[in-house]
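Reviewing the structure listed below.
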Amino acid sequence: MRLMVSGGGTGGHIYPALALIKALKKREPNSAVMYVGSERGLESTIVPAKGIPFQATRIQGFKRSLSLENFKTVYLFLKSVHEAKKMIRQFKPDVVVGTGGYVSGAVVYAAARLHVPTLIHEQNSVVGITNRFLSRYVDRIAYVFDAALDQLPVNKMVKTGNPRAQEAAEVVSHFSWTEYGLQDDVPTLLIFGGSQGALKINAATVAAIPEFNHREYQVVFVTGQKRYDGVMAQLKGTTVADNVVIKPYIGNMPEVLPRVAAIVGRAGATSLAEITADGIPSILIPSPYVTADHQTKNANSLATVGAAEIIKEADLTGETLIAKADQLMTNDALRQDMATASKQLGVPDAADRVLDVVEALKRD
């Protein structure tokens with residue numbers, strides 16, 4: 001198999017692509033892979049660091065208002081399509097896969113024009129602008145949430161789940177809470193606003209710590225590296241009990257997650273793939289700062305089947321956080337029901353499912 005993959009801009013587009021590549025290398029060790037990303041996106045550092053061949057093209061996103069900058073965007077897009085065609089002719093992929101982000105638009109479109117089999121992967125409940133554009137040109141569309149079904153051509157769609165879920169499901173965890181000075185036999189709530197941290201989640205957690213101090217359950221609060229010093233400054237003079245641990249980040253999150261009783265966090269596609277793969281009950285606080293409010297729609301996909309509770313960011317305070325946390329952490333039966341619902345949404349073989357579609361395209 002010769003596979004070209006493109007996706008970039010955010011981790012939500014990059015990590016599913018990396019999980020797919022990992023699964024391909026496991027299935028076909030002699031396969032050849034080329035990752036095409038943007039010059040300035042996160043992928044330009046993350047992908048080469050994984051030892052994956054990487055080529056870059058220059059591209060930028062459209063402004064949502066009428067702007068002269070959009071003329072530059074069109075020019076760069078057409079230039080990127082031209083560059084991508086050269087890369088495709090040189091690499092000769094059997095299939096080209098796009099996982100979202102503007103760069104995948106140019107690469108997958110170029111492949112379609114060259115009659116190379118194409119697949120896009122849509123991680124969210126609300127389809128992104130790039131995948132909407134590509135949907136009319138590609139051969140197949142892999143998707144995660146049923147809410148995407150009425151936004152794309154149904155005859156091309158295959159439900160696969162998010163490849164990142166398979167990575168999470170395959171982890172064999174040897175982690176112990178004793179590494180954090182906590183106990184393994186006490187339920188632990190993880191509060192995590194993402195790798196950068198989330199100001200509003202951090203503020204609510206800081207306000208809730210005096211209450212968390214007196215709970216029978218444990219709390220691990222991950223602030224985000226950049227926000228750790230600010231959080232600790234806010235907590236100056238506040239007692240933090242032994243059942244509460246504050247961390248700037250967790251480097252081995254896939255090993256930690258299977259030990260978590262419940263999680264408080266955002267509703268990004270990658271996070272939800274990992275949460276459901278491990279069957280973790282969640283309290284989701286969708287980011288209101290994302291396109292088309294897609295995190296709320298992602299969260300609703302879990303909440304409607306009883307796998308998650310939702311707190312709108314506008315309603316998030318120390319009091320509302322404590323109330324929801326107590327509701328889950330003091331009720332073992334509720335947590336078990338939510339864990340079962342979460343696990344049923346998980347797709348532990350998602351990367352293999354996407355690969356099956358890729359291999360079918362190659363055969364066709």
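Going from the start of the chain as shown, residues are counted 1 onward.
Cβ atoms here come from the backbone N, Cα and C positions, even for glycine.
Among the features that Swiss-Prot reports, UDP-N-acetyl-alpha-D-glucosamine binding site is placed at THR10, GLY11, GLY12, ASN124, SER195, ILE250, GLN295.
All features noted in Swiss-Prot, drawn onto the structure.
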residue: THR10; record: UDP-N-acetyl-alpha-D-glucosamine binding site; DSSP class: coil
residue: ASN124; record: UDP-N-acetyl-alpha-D-glucosamine binding site; DSSP class: coil
residue: SER195; record: UDP-N-acetyl-alpha-D-glucosamine binding site; DSSP class: coil
residue: ILE250; record: UDP-N-acetyl-alpha-D-glucosamine binding site; DSSP class: coil
residue: GLN295; record: UDP-N-acetyl-alpha-D-glucosamine binding site; DSSP class: helix
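Its Cβ taken as reference, GLY11 (UDP-N-acetyl-alpha-D-glucosamine binding site) is surrounded by 19 other Cβ atoms within 10 Å in the chains shown. Cβ-based neighbour count (10 Å, all protein chains) for GLY12 (UDP-N-acetyl-alpha-D-glucosamine binding site) stands at 22.
The binding-site residues under consideration are THR10, ASN124, GLN295. Their Cβ neighbour counts within 10 Å are lowest for THR10. Neighbour density at the Cβ, taken as the number of other Cβ atoms within 10 Å, is lowest among the binding-site residues SER195, ILE250 for SER195. Residues THR10, GLY11, GLY12, ASN124, SER195, ILE250, GLN295, recorded as binding UDP-N-acetyl-alpha-D-glucosamine, reach a greatest CA to CA spacing of 25 Å.
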